[in-house]
Amino acid sequence: MAGASPCVKYSMFVFNFVFLLCGILILSIAIWIRASKDGQGAINSGDNGANSHSSVNMLIAVGAITVVMSFLACYGALKENRCMLLLFFIGLFPILLMQLTAGILAAKLKPETQRALKATLRESAQLLSNNEEGRKFQKTMVTFQKEFKCCGLISGPADWGSNFEEAYESCKCSNPSDSCITYTGRYVYKQTCEPVIRASVSNHLDVVIGLSFGLAAVEVLGMVFSMILICQIEKR
C-alpha cells in the first residue's frame, strides 16, 4: 500500500525544521549567556540578578523543549515513524493548553492589571519628593523622563516637590510648543509619565496575548499534520 502523502510528510518536516533551528538558536544563546564570563557579568549586575538568572534558565528550558519536540516531529515525518509522531502529538498537547491558558488569562486580567498599575503609580509618585526612600526610583524616573519626554507621574512636575531642581533637566522642554507648560517660570513637558507607562504595559500584554494565540494556532497546525501522518501510516 502507498505510504504517507509526500505533501503532508514534507510540509510537516519543513514546518518543524524551522522550529528546530529556532530552538537551537535560543538554547545556544541562553547557554552562552549562562556560561560565559561576559554573560555572567551582565546577568549579575544591578539589583535584578536573581530575576535575570531565572529568565536565562527559562530560555534554556524553552529552547531544550523546542529542540526535542521539533526533532521528534522531523524524524517521525521523514521516517514515517508512528511512535515519534505520537510522542510529538502528546507532548505538544499540554504545551498548547498552557499557552491558551496564558493568553486567556492575560486577556481577562488586562483591565485589572491596568487598575493595579494605576494605583501603584499613584503610590510611587510620592517617592519623587521623598529623599529617604525614593532615591533609586528618582534616578530611574529621571532617565525615563529624558527618554520618553514626560514629566512627573500623576500631577506633572509638582510630583517632584522640593526635588524638582534635580529633575529639571530631564523635564526640560527645549522647543516650547503645545506639548510644553510653564512651571516655576520654566518650560517643561506637559505630558506626565503615567499614560506612557500604562501604554507600554498594555502593549506588552497585547504582545503576550498575540504570541500565545498565534503560537497556539501554529501548534494546532502541527498537531493536525502529525495526526494526518499517523492515520496515513496506520492505513499502509
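Yeah, the Cβs are placed from backbone N, Cα and C, and that goes for glycine too.
The disulfide bond annotation in TrEMBL covers Cys150-Cys180, Cys151-Cys171. Feature annotation from TrEMBL assigns transmembrane segment to 12-35, 55-78, 85-107, 207-231.
Recorded features from TrEMBL, shown on the structure.
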{"residue": "Cys150", "record": "disulfide bond", "Cβ within 10 Å": "24"}
{"residue": "Cys151", "record": "disulfide bond", "Cβ within 10 Å": "29"}
{"residue": "Cys171", "record": "disulfide bond", "Cβ within 10 Å": "25"}
{"residue": "Cys180", "record": "disulfide bond", "Cβ within 10 Å": "20"}
Sequence-distant contacts of the transmembrane segment (55-78), meaning Cβ under 8 Å and at least 6 residues beyond its ends, amount to 9-10, 12-13, 15-17, 19-20, 22-31, 33-34, 39, 43, 84-85, 87-88, 91-92, 95, 222, 225-226, 229
In the same chain, residues at least 6 away from the ends of the transmembrane segment (207-231) whose Cβ sits under 8 Å of its Cβ atoms read 4-5, 8-9, 11-12, 15-16, 73, 76-77, 80, 82, 85-86, 88-89, 92-93, 95-96, 99-100, 102-103, 106-107, 110
Sequence-distant residues near the transmembrane segment (85-107) by C-beta distance (under 8 Å, 6 or more away from its ends) are 65, 68-69, 72-73, 76-77, 205, 208-209, 212-213, 215-216, 219-220, 222-223, 226-227, 229-230, 233
Whole-number Å distance separating the Cα atoms of Cys151 (disulfide bond) and Cys180 (disulfide bond) is 10
Cys171 (disulfide bond) sits from Cys150 (disulfide bond) (Cα to Cα, rounded, in Å) at a distance of 6
Rounding to whole Å, the Cα atoms of Cys180 (disulfide bond) and Cys171 (disulfide bond) are apart by 10
